[in-house]
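Below is one structure, written out as structure tokens; comments come after it.
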Amino acid sequence: MTEPVPRQGEPASKPKASLVQTKRAAVQALRVMIACTITYAVSQLLHLQQGYWAVFTVLIVMQASVGATAGAAADRLVATVAGAVLGGIAVLLTPREPLAIGISLIFVVGLSSFAAARVLRLRNAGLTAAIVMLTHSASVPVEVFVLDRIAEITLGGVVGVLASLFILPTRSRTMVLDRFGSALDVMAQILRTLASAVEKGEPVSATEANIALRQSLMATEALLTDAQRERAFWLSRQGISEAIPRSLWRIRNDMTYVSHIVETPFPPAIVEAIGLQAAGVLEAQARFAEVCGGALRTGTDIDPDVLSAGDKAFEAAFSALQNSEAAQSMGFSETGRLFGLDFTLRRMHQNFLDLADRIRESKVS
């Protein structure tokens, strides 16, 4: 039986992957340290009464990429303004008595929690409102106190974004393209395993690899939002076409269908007639997947001829099989599997070409 495809994240290069993760963690720690130092110094120079909230904001919004940090900072600012205004209104309307403040706090927290459940970016509004209500001093005008809190958190957000942008920046776009490239490498591994099984007429199982690939694509699509934010905030000149993940999903679905078709070997007569040629098509698609992965990572050109390397041989072998005596004696089930394989290989070929077009469009944009 053909060996199952290694699950994504289980290659022999674990030490290398660990080293990359350690480097990224060290860079992130450096960014946060510098950002906190700058924020603390600026808050002291500006004599902000509660400058520590600016430092807290840096720790909250600093993410692994520029786009993620910008998104977190924007969400934090929106929640801060909403919470500070709500808390300020509550302070103005509430008598300075413990019972009245407690009742008002309950209503404010309930209202802000309801808003956060409806609008996710307001999830920190309740925290800000509670801080304003519980830490406000009667000697400071409410409007001044509210503006100070907004200024402190804005300072932390701005410094966090600038630190992510200028201190060894990691672009969300780069991370997403690298993840898509890794997914294509895994696709190539799966395709080569399927090719070997088809050529030798052996059973094969790629179920776990296909599940891992699905999880990888889902996780990468979540990062795509950060890349889009990066572009929306003018922090990146290039975007990523949303059609790229759609094309990858179509290819993944085609591969899953091929896996189901070939997990039970074809009869020896079919393997002898088209096994080698079908394996050639799958191998060409594996090479093309690697070419597309390289294009996503480094911007290299994509040669469409790589994809067509085994097509003519397979078409000739398939046509010869259709007109042979072996085809006349095939059962309904085997005939359905055979034509299903032919149809899916053709569809996957077209989906790979569509992916290449989307990658070129993304480079041009």
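One is the number of the first residue shown, and numbering goes on along the chain from there.
A Cβ is built for glycine as well, from the same backbone N, Cα and C atoms used for every other residue.
TrEMBL labels come from automatic prediction, so no person has curated them.
Features of the protein shown, as given by TrEMBL:
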TRANSMEM  52-70  transmembrane segment
TRANSMEM  77-93  transmembrane segment
TRANSMEM  99-120  transmembrane segment
TRANSMEM  127-147  transmembrane segment
TRANSMEM  153-170  transmembrane segment
Contact ranking winner - 52-70, 77-93, 99-120, 127-147 against the transmembrane segment (153-170), Cβ under 8 Å: 52-70
Closest-packing stretch to the transmembrane segment (77-93), where packing means Cβ pairs under 8 Å, from 52-70, 99-120, 127-147: 127-147
Distant-in-sequence neighbours of the transmembrane segment (99-120), which means Cβ under 8 A and at least six residues beyond its ends: 75, 82-83, 86-87, 90, 93, 126, 129-130, 133-134
